[in-house]
Amino acid sequence: MANFLKKMIENDKKELRRLEKIADKIDAHASAMEQLSDEQLREKTDEFKARYQKGETLDELLPEAFAVVREAAKRVLGLFPYRVQLMGGIVLHDGNIPEMRTGEGKTLTATMPVYLNALSGEGVHVVTVNEYLATRDSNEMGELYNFLGLSVGLNINSKSSDEKREAYNCDITYSTNNELGFDYLRDNMVVYRSQMVQRPLNYAIVDEVDSILIDEARTPLIISGQAEKSTALYTRADNFVKRLKEDEDYKIDIQSKTIGLTEAGIEKAEQTFGLDNLYDIENTALTHHLDQALRANYIMLLDIDYVVQDNKVLIVDQFTGRIMDGRRYSDGLHQAIEAKEGVEIEDETKTMATITFQNYFRMYKKLAGMTGTAKTEEEEFREIYNIQVIQIPTNRPIIRDDRPDLLYPTLESKFNAVVEDIKERYHKGQPVLVGTVAVETSELLSDKLNAAKIPHEVLNAKNHFKEAEIIMNAGQKGAVTIATNMAGRGTDIKLGLGVLELGGLAVIGTERHESRRIDNQLRGRAGRQGDPGVSQFYLSLEDDLMKRFGSERIKTFLERMNVQEEDAVIQSKMFTRQVESAQKRVEGNNYDTRKNVLQYDDVMREQREVIYAQRQEVIMEENDLSDVLMGMVKRTIGRVVDSHTQLEKEEWNLDGIVDFAASTLVHEDTISKKDLENKSAEEIKDYLVARAQEVFEEKSQQLNGQEQLLEFEKVVILRVVDTKWTDHIDAMDQLRQSVGLRAYGQNNPLVEYQTEGYSMYNNMVGSIEYEVTRLFMKSEIRQNVQREQVAQGQAEHPETEQDAAAQSNTSAKRQPVRVDKKVGRNDLCPCGSGKKFKNCHGRNA
């Protein structure tokens, strides 16, 4: 381990030496750039583009291009990037992460690699965590890029499709991570090429990269449509679980945040709902509603996981503390919370398209990111995204005083001490930023400060719209600001007059977060660019982290020291090590979970990429899809004939082939059993393909010209692909939940998921080709046929990381079962074989 760390440190030093050399080359161009007029400086952009087109690489253009941006920034913004910012810019261009401390000017650092990579004409995306930052940076930095002759676009939720398309076609596009992901999904749901907005994904710089690629990595973006399910069952399930008692009727595992009924709870459910067996197949819907009602009532907490405003349940982002407008928990959890809170229950939704940030951002040709806290997650960035983390030195030494943690026995004694500390600093005039992990805590502390007559501002999910204004004033003399995790990331807290003499900004943490990174972000609000500052964390044995991990040893330690007073306080290196050890364990668990989820997600990623690529080929086709369509017809015929001719020739099911031909390929009674006798299997295939070709030609002639034929082909293919794909997403989701239970049978759930997922995908492809064949060959031709989306979807927020963990560990004794409508004996088998049900899967029914 020691050798590994030594090697890493040596590599960092070597990389810094390389960056210094390139920075020297940039510096060498400074005086020449200073001599140029504004017009000459602007003309450099066209010169660079021409040199790039002639074969010069971006790496070769870098020193001069960075020098141009540096000089332009001085003239337009009044800012001249320091050497450390040049080094950070080089790291970003290389597709890595420069770890730069708060206040070191990451926004300005990004302008140089953004400009350089925009010269290729393939587009650069600058990604921020919220629309405020995207709008601010596109306006402020846009002046610089416009001065240099580059176009800048802003992509936010309120933009129309035309405005989004225009923004994506700019040289540089500012956007939020959510909007990029949703636009990608929407582009793969449209039915006309003209409706697409994105270009191929080229180069992205992700601001606050740890927040997006680590904290939100497992968060899937979901486009959903309405599913037809009754909301009454949510109310019944909610009424039932509210009467249950913990430990007697249900049990909660605090560490994994899972919940399940006990035997007594199951018996109560069976009595209440009049059932013999709660986990019978017919009761799948009820068990699902009960599971979600349990989680809604006893796992999901008001003012922590969500808030209720204007009679609506609104999700609170666990990592930023912001309300996530327009987002809903999926899989019925949101409806269960609505039932719990007594607000109107909205219709349940069905997933139509989904992708995680991990898989979206891995599609870029080159990916880079910026943050002040990435080194603790360096392994994850390297393993999953193939990105290195390089620590960039600060422009000035950090003189902030980071004090050891203070431990109190109870929450009450801890908060009393916090209020006393704030009161003392307030009367002195020193500005204070207090970090809390939840809305609930910020409001509790606010009440205590009101009682102590200390004026203050509260920044949490309930008033996030005032964020910029609150943070702007947080460094003024006598300011007291309480903030949840977001703490105004991306917005600098600038110190007011006279604050330096008072010791700078004081940061107080009211408890440790699960991640050391989030704690470091809070500390980093103070002491920017060599300013003085102080940080202090207050902890109690009743904090969530302490209850979940390692508090027993600390309790023993307190007993040994005979600490009994309510307001006793401890500062100890042993205690600090315990806390950091607990945090490392949580970080390790979370990383393992994210890695595991990614392995599952990769199965869907491969399938999604194939489907989306084929879908795009159909939409982009401008001449003819007849070969594609006839290819589907031939493969469908091949599959059906093979399935009916597997046995000895005397036992071939020729009746089944005739049934298939009549229902799917040709007019009824045009092919008989006699036509197929005395032919080999290959000859039967050729015969059916020839007859299908005749019908195909006949259909083609019914349409007025090649253009209408192409349009009809697109309508048929897109409609079938979209319907089958959304069903497949649901089926894969159910498979994923069910394979988790197979671990009990000594089977590897991931291998089972990969194997069955591959089989289900092949079945879906066969089903698509069968349905396209049937629809094209048997449908009535209409002249005015138009493409339509299968359903109109809306963006939906999935459950958070903790919820996902809980879902994957559900302790109920059932597997999701897909119940289809009843099939008649003489109907075609729904498997797509073309046989009658009685001759196929219904043979043993």
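Placement of Cβ uses the backbone N, Cα and C atoms for every residue, glycine included.
When the candidates Q85, Q521 are compared with the ATP site entry in Swiss-Prot, which names G103, E104, G105, K106, T107, D492, the shared residue is Q85. Neighbour counts of Cβ atoms within 10 Å were compared across the binding-site residues G103, G105; the minimum falls on G105. A count of other CB atoms within 10 A of each Cβ picks out Q85 as the most crowded of the binding-site residues Q85, T107.
Shown in sequence order, M100, T102, L108, T109 are the same-chain residues outside Q85, G103, E104, G105, K106, T107, D492 whose Cβ sits within 8 Å of the Cβ centre of the ATP site. Close to D492 (ATP binding site) in the fold, though at least 6 residues off in sequence, lie T102, G103, R528, each with a CB less than 8 Å from its CB. Residue environment of K106 (ATP binding site) contains 23 other Cβ atoms, counted within 10 Å of its Cβ in all protein chains.
Counting only same-chain residues at least 6 apart in sequence, those with a Cβ under 8 Å from the Cβ of E104 (ATP binding site) are V84, Q85, G88, G372, I392, T394, N395, R528, Q529. Look at Q85 (ATP binding site): DSSP puts it in a helix.
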